[in-house]
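Pulled from Swiss-Prot, these are the features on record:
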| type | residues | note |
| --- | --- | --- |
| REPEAT | 11-41 | repeat 'ANK 1' |
| REPEAT | 45-74 | repeat 'ANK 2' |
| REPEAT | 78-107 | repeat 'ANK 3' |
| REPEAT | 111-140 | repeat 'ANK 4' |
| REPEAT | 144-173 | repeat 'ANK 5' |
| REPEAT | 177-206 | repeat 'ANK 6' |
| REPEAT | 210-239 | repeat 'ANK 7' |
| REPEAT | 242-271 | repeat 'ANK 8' |
Amino acid sequence: MCRMSFKKETPLANAAFWAARRGNLALLKLLLNSGRVDVDCRDSHGTTLLMVAAYAGHIDCVRELVLQGADINLQRESGTTALFFAAQQGHNDVVRFLFGFGASTEFRTKDGGTALLAASQYGHMQVVETLLKHGANIHDQLYDGATALFLAAQGGYLDVIRLLLASGAKVNQPRQDGTAPLWIASQMGHSEVVRVMLLRGADRDAARNDGTTALLKAANKGYNDVIKELLKFSPTLGILKNGTSALHAAVLSGNIKTVALLLEAGADPSLRNKANELPAELTKNERILRLLRSKEGPRKS
């Protein structure tokens, strides 16, 4: 989240920023009408009165500033705009108002952030809908490659995810490190998100650049509800490109329920990882060892 500074040049400007932040419309009007406060005055980081009012969701102050000539599309040093802040904080009434006066969805922050990415990251479904209706690019990405869908998946915002998918978001679009939306949803334990993405065509075996898959990550974390959803789509249970398996990860995590789920799905306890280790060699947990050995017998016979 972008932080705001409130260091001002003059006491009157300081008062104006306080009024915008607190939603004190009467004081804000008084200061603006005095002619001694520029409607586009900035703090040391380029923050404007409009940005502050938009961030706080004070629609009356936003309206007053715009009607007094505030530049809607000014950017802070970080690249953020009033629209970005309103979207980030979920103030849909402010977002709609700003669009009525020419707010642009094209501006980016220093890390590539846009209003759509911010709204998706924080789960503001109505704001996402408004932004898309006003031309926001569904394929916006942070400079690390994260899309709106990726950020919504990371947060587990199912309503936003459904909206983005219905609007044409690419379900398998990864970040630069290869992390796909399904992978991040699995890592965070969002089983309903995982289910929806799989039904919409997410690659069950999509791997990050380091070779880990969604199943391996869920096994490592012990997210059994996620694992159950992934297993419905028959993901790879064998040794992955990174030289280990989901079963190895589950054994290391010490979650016997996870180990049982994978074994019941057909994971092979006789497979060795890149260090030539069997899953059973990675634990001293007697219950897990008994479970592994109970599955080894039939395979060796």
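Cβ coordinates come from backbone N, Cα and C, glycine included.
Here the repeat 'ANK 4' (111-140) has Cβ contacts under 8 Å with residues 79-81, 83-84, 86-92, 95-96, 99, 105, 146-149, 151-152, 154-155, 157, 159-160, 163-164, 167-170, 173 of the same chain, all six or more residues outside its ends. Within the model, the repeat 'ANK 1' (11-41) carries an average pLDDT of 96. Under DSSP, residues within the repeat 'ANK 2' (45-74) fall into helix, strand and coil as 17 helix, 1 strand, 12 coil. If you look at the repeat 'ANK 7' (210-239), the same-chain residues 6 or more away from its ends with a CB under 8 A from one of its CBs are 177-178, 180, 182-183, 185-187, 189-191, 194-195, 198, 204, 245-247, 249-250, 252-253, 255, 257-258, 261-262, 265-268, 271-274. In terms of DSSP helix, strand and coil, the repeat 'ANK 4' (111-140) has 16 helix, 0 strand, 14 coil.
Mapped onto DSSP helix, strand and coil, the repeat 'ANK 7' (210-239) counts 16 helix, 1 strand, 13 coil. Same-chain residues lying 6 or more positions outside the repeat 'ANK 5' (144-173) and placing a CB less than 8 Å from one of its CB atoms are 111-112, 116-117, 119-125, 128-129, 132, 138, 179-182, 184-185, 188, 190, 192-193, 196-197, 200-203, 206. Nonlocal intrachain contacts for the repeat 'ANK 3' (78-107), taken as residues 6+ away from its ends with a CB within less than 8 angstroms of a stretch CB, comprise 1-2, 45-46, 48, 50-51, 53-57, 59, 62-63, 66, 72, 113-116, 118-119, 121-122, 124, 126-127, 130-131, 134-137. Helix, strand and coil content of the repeat 'ANK 1' (11-41), in residues and according to DSSP, is 21 helix, 0 strand, 10 coil.
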